[in-house]
Amino acid sequence: MSLMCYNKGCGQRFDLEKNSDDACTYHPGVPVFHDALKGWSCCKRRTTDFSDFLSIAGCTKGPHNQEKPAEPVKPEVKSSLDKNDVKPKYDEFIIQAPKPLESIQRPSPDEPFSILQSKISPSLKQALEKLKLTEENAHEIKEEDSDEIKIGTSCKNGGCCKTFAGQASDDETCLYHAGVPIFHEGMKYWSCCKRKTSDFNTFLSQEGCTRGKHQWKKKDAGKKVVPCRFDWHQTGSQVIISIYAKNSVPELSLVEGNSTVLKIHIIFEGEKEFEKQISLWGVIDPSKSLVNMMATKIEIVLKKAEPMSWARLDLPPVAPPKEKEKEKDVDSEDECDDDED
């Protein structure tokens, strides 16, 4: 009878009588997720794609393990205080933002746009140099681009642990997860079947919920539009917007604007794209504004046209007239006409 191996990175079934000392290739370490990179603590290979992470070959050989690891016990948190006894540490104050000065005439948002001057920091130049493909990576990409599928190639479908063993593998039914992996508050599960667990090995060994064909090659998704965390602060003469996009590509990124509108287009980490258009709260001088591109973020330094404090970064859209008030006015006019008749 075949048994399931619970070594990390294996997930294969094995015969207990044929379990030799080097039958299993696995990871003795733990999974590491940091700054969008995924890998194992026992080896140095890192990737941003979850399917590639699951297909990273083990770095240690040993016998298969049939013992399922115990799930971690969550500590029970008790409190002796009632909710009503908890008081806020600080008094609450409501601060009203200053209103824009009425004397300033706002330029038209349809003014011509100009590209803001950009400066590339030494840290970004150094980071981009490190990210250049080595000869080994270039060879791997060339192999992936070829039509030939090599023996031992892992299926790229999520949750499938099968490898290519010949033409017969194409006729097999692939059991995989059509959704995406979700890690939230210590729980791990696939969005397509919602079977939650706190143990990473149990998550990896969950059988797929969808039947289909094996996917031996990674699909080319092209550039992916993603959100970026950003914030802003101001001085007496400048507004500084910080966009936290790592390793941006200067040749493919630009920021353009006029006196009241800013258009941001950034390509970072090779294949990620961030776009945003902001209708600014105040007025700027684009000719004296600039973009500082660094390894960990991008700073857009906007020169204020007037030395005044901005209540917020963006200008709220003008609210359209309420339709209900218009309907009431029409109804009142109709009632007056009826009374005259």
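Cβ coordinates come from backbone N, Cα and C, glycine included.
Since this is a predicted model, take the numbers as computed values, not measurements.
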Can you find which of His27, His34 Swiss-Prot lists as binding Zn(2+) 2 at the same site as Cys42, Cys43, Cys59? His27
Site co-member for Zn(2+) 3 according to Swiss-Prot, given Cys155, Cys160, His214, out of Cys174, Cys193: Cys174
Taking Swiss-Prot at its word that His177, Cys192, Cys193 bind Zn(2+) 4, choose the one of Cys209, Cys228 listed for that site. Cys209
One finds that other Cβ atoms within 10 Å of the Cβ of Cys155 (Zn(2+) 3 binding site) number exactly 23
Any idea what DSSP makes of Cys155 (Zn(2+) 3 binding site), helix, strand or coil? coil
Rank the binding-site residues Cys24, Cys42, Cys192 by the number of other Cβ atoms within 10 Å of each Cβ and report the first-ranked residue. Cys24
What binding-site residues in the list Cys5, Cys24, His27, Cys42, Cys59 lie within 10 angstroms of Cys174 (Zn(2+) 3 binding site), counting C-alpha atoms? none
Most Cβ neighbours within 10 Å: which of the binding-site residues Cys10, Cys59, Cys174 is it? Cys10
Once Cys155, Cys160, Cys174, His214 are set aside, which residues in the chain still have Cβ within 8 Å of the Cβ centroid of the Zn(2+) 3 site? Lys156, Asn157, Lys162, Glu172, Leu175, Tyr176, Gly212, Lys213, Gln215, Trp216
Please report the number of other Cβ atoms within 10 Å of the Cβ of Cys43 (Zn(2+) 2 binding site). 16
